[in-house]
Amino acid sequence: MDNLTKVREYLKSYSRLDQAVGEIDEIEAQRDEKSNYELFQEDGVEEHTKPSYFQAADDSDTESEPEIEDNQGLYVPDPEAEQVEGFIQGPLDDYADEEVDVVFTSDWKQPELKSDEHGKTLRLTLPEGLSGEQKSQWLSTIKAVVQSAKYWNLAECTFEASREGVIMEERQMTPDVYKVTPVMNTHPSQSEAVSDVWSLSKTSMTFQPKKASLQPLTISLDELFSSRGEFISVGGNGRMSHKEAILLGLRYKKLYNQARVKYSL
């Protein structure tokens, strides 16, 4: 440690220090650079042969041949060229990069039904990523479903998904059958003869109670519908039987479940 300090002090007082440093730099610039392999040889390290990867590099420097390309522009290696040890030629990528559109959509929002002093409000969120035409088609579909409620009861429809879309079918309600004493208040022959069931709108139909304490239920189409147009708007048609039209009216007025419990419909 003392010797190093003495050297530093001596160099500070050495008047020709800059000249000596310049001479050293000049000598260093003129010195031949040697590879690590040559330095090992000078130090006496025994090296019999160069590794194969050095030999392959030397060959590539001395003999550079152009790459052979086939008609498709794919690189074909020269079979006579010496292969580097440990390297395995794998298949080259022979496909072109393709641009793939990636769309990140937001989370789907369920329909929201809210009620306030002004009534009920149903909010449907538009699906993400629709074009202008697809948006118009989606809105038209929702509008068509809403308007179809004029002609049938959507709550009574079956819902089935298919490859083409959705299939909704009217569910036929089968009335309960009970052993009761029939009351002949209508003439079957007359019902079958009419071409439009609405012609029997003023004709009453009677349903017997399930309990003796109740009075029979007597009702007509006029009591259930204000007009033939209203009857048609909820799914009625002239080919219905008188009883089917009455049951449709009970469902429309939301009286069917109450009547089914108390009377033999």
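Yeah, the Cβs are placed from backbone N, Cα and C, and that goes for glycine too.
For 1-60, the entry in Swiss-Prot reads region 'Interaction with N(0)'. What Swiss-Prot lists as phosphotyrosine is Tyr14, and the listing cites similarity to another entry. Swiss-Prot lists 42-72 with the feature region 'Disordered'. Under the heading region 'Interaction with the L polymerase', Swiss-Prot lists 49-105, citing similarity to another entry as support. Swiss-Prot lists 58-70 with the feature compositional bias 'Acidic residues'. Sequence annotations record features per position, and here Swiss-Prot assigns phosphoserine to Ser60, Ser64, Ser226, Ser227, Ser233. Annotated phosphothreonine per Swiss-Prot: Thr62, in sequence order, evidence recorded as similarity to another entry. As annotated by Swiss-Prot, region 'Oligomerization' applies to 109-170, with the evidence given as similarity to another entry. Swiss-Prot lists 171-193 with the feature region 'Hinge', giving similarity to another entry as the kind of evidence.
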Worksheet entry | Cα distance (Å, whole number) from Ser233 (phosphoserine) to the residue listed as 'phosphotyrosine' | 117
Worksheet entry | For Ser233 (phosphoserine): intrachain residues, at least 6 apart, with Cβ closer than 8 Å | Lys150, Tyr151
Worksheet, complete the sentence: The correct DSSP tally for the region 'Oligomerization' (109-170) reads 20 helix, 20 strand, 22 coil
Worksheet item: Reduced to three states, what secondary structure does DSSP give Tyr14 (phosphotyrosine)?
Response: coil
